């Protein structure tokens, strides 16, 4: 029996589905009596042409979380303890001031997102590899670069064979990454929520394509060994580009990635309302119109990118002249700085309000666009907001990981550099000497001799404020500790809160939830008799 005193009875008919559907169209009749809401469904069968799209886990999860955010004092939301994740209970998100509240606070996210840009610039300026004139030699990346872009034989037939090989490698890598790694390993075996449906497939395929190109380059080398006489076209890790050019390209890439990440983090926080007490006026202005936020994003991106790329490529500003020994780093401090940057990349991902499952609970638009997801009309390509951002962070992390490797295994002689009595690193600019690959020609003893003009040879070299003290490798290995701890924490959080339960457990949970959602039926008089 329903209590109706002191409450107005309301009845409304709400369509559950809009547009053409196949089979049945369901309409809901909702009767509201005070704080009690009773819903009934009426099914109307009609013939349509389009097929209904099945609801994914993301859609159902977003509906549940939106229902929790629209909390009514008379409503009670029943949530199973096994359904709670690292970012699901958003109703009381800003009410309990625990560690997660401060860890994912907008000020903390803004600090890390923008501060990492400064650290990347500092590491690029202090990195002696970025000033090296020797040929770049990077494992795997160098093989892929040479396989696709350089070292083509002069005969068009062999060039066609090479093009066919790397195109086949790309196709194989995409198929293997999508079917085996993404769908089977991440989806079925590991049951990761962040890789549900088609989420994260592009990033997975990018990684497998790089590995596939590396493997196919060795197959191509075997063909050249047996059927081609000139060994100069053998694919190896040498990129035929100087380390200075490669590091400038990496600095430009990390700058663009960090800029997009910082702007997207700012844009998402201003659109969302998880922290309602944070900048309420600014958020109201920001969400008032899409025109302002889109214009501001593109204006800041274009102007800042043009200025930064010009400074990096042109070398108009010399960090060593500006520094004047104010900041003097050694190979150990640079290694810890690179490790700290890598940890900050992980923190940016872990500070996301939808980590570790990346379920967008609100219609948050992409930065610089009016839509939340980018679609391609000519093919079934979709780029969602989360992976649009964190796919870029993944590329930035690969560059930062390579930077960490360079700092730990750095030795001046490998990069055409040497140190003097003051431990300052000096770079040889003479390409003829560097092509000999004779390390004794760029030692301090050799460069301290006089030339024809009566001046020491090291006057022709570039002097940096960066130092090389000669720490043993056992000491420099300690720089891996922060990165290893951050990676272990990342894996633990994802394994605990970012996985679907096993199939049998999931079916059991669904049955329990269905039983809990059923309203108890009053027994009739005949049943009581």
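Counting starts with 1 at the first residue shown.
Even glycines carry a Cβ here, placed using N, Cα and C.
Per TrEMBL, the range carrying the annotation region 'Disordered' out of 15-34, 35-54, 55-74 is 55-74.
In TrEMBL, the feature transmembrane segment is placed on 206-228, out of the ranges 137-159, 206-228. Of the listed segments 106-125, 186-205, TrEMBL assigns transmembrane segment to 106-125.
Residues 247, 251, 254-255, 258-259, 261-262, 265-266, 269, 275, 278-279, 312, 319, 323, 327, 334, 337-338, 340-341, 344-345, 347-348, 351, 400, 403 of the same chain lie 6 or more positions beyond the ends of the transmembrane segment (106-125) yet place their CB under 8 Å from a CB of it. Outside the transmembrane segment (206-228), and at least 6 residues removed from its termini, the chain residues within Cβ reach (under 8 Å) are 140-141, 143-144, 146-148, 153, 158, 161-162, 165-166, 168-170, 172-174, 176-177, 181, 234-235, 391. Residues 147-148, 195, 200-201, 204-213, 215-217, 219-220 of the same chain, all 6+ positions outside the transmembrane segment (163-185), place their C-beta atoms under 8 angstroms from a C-beta of that stretch.
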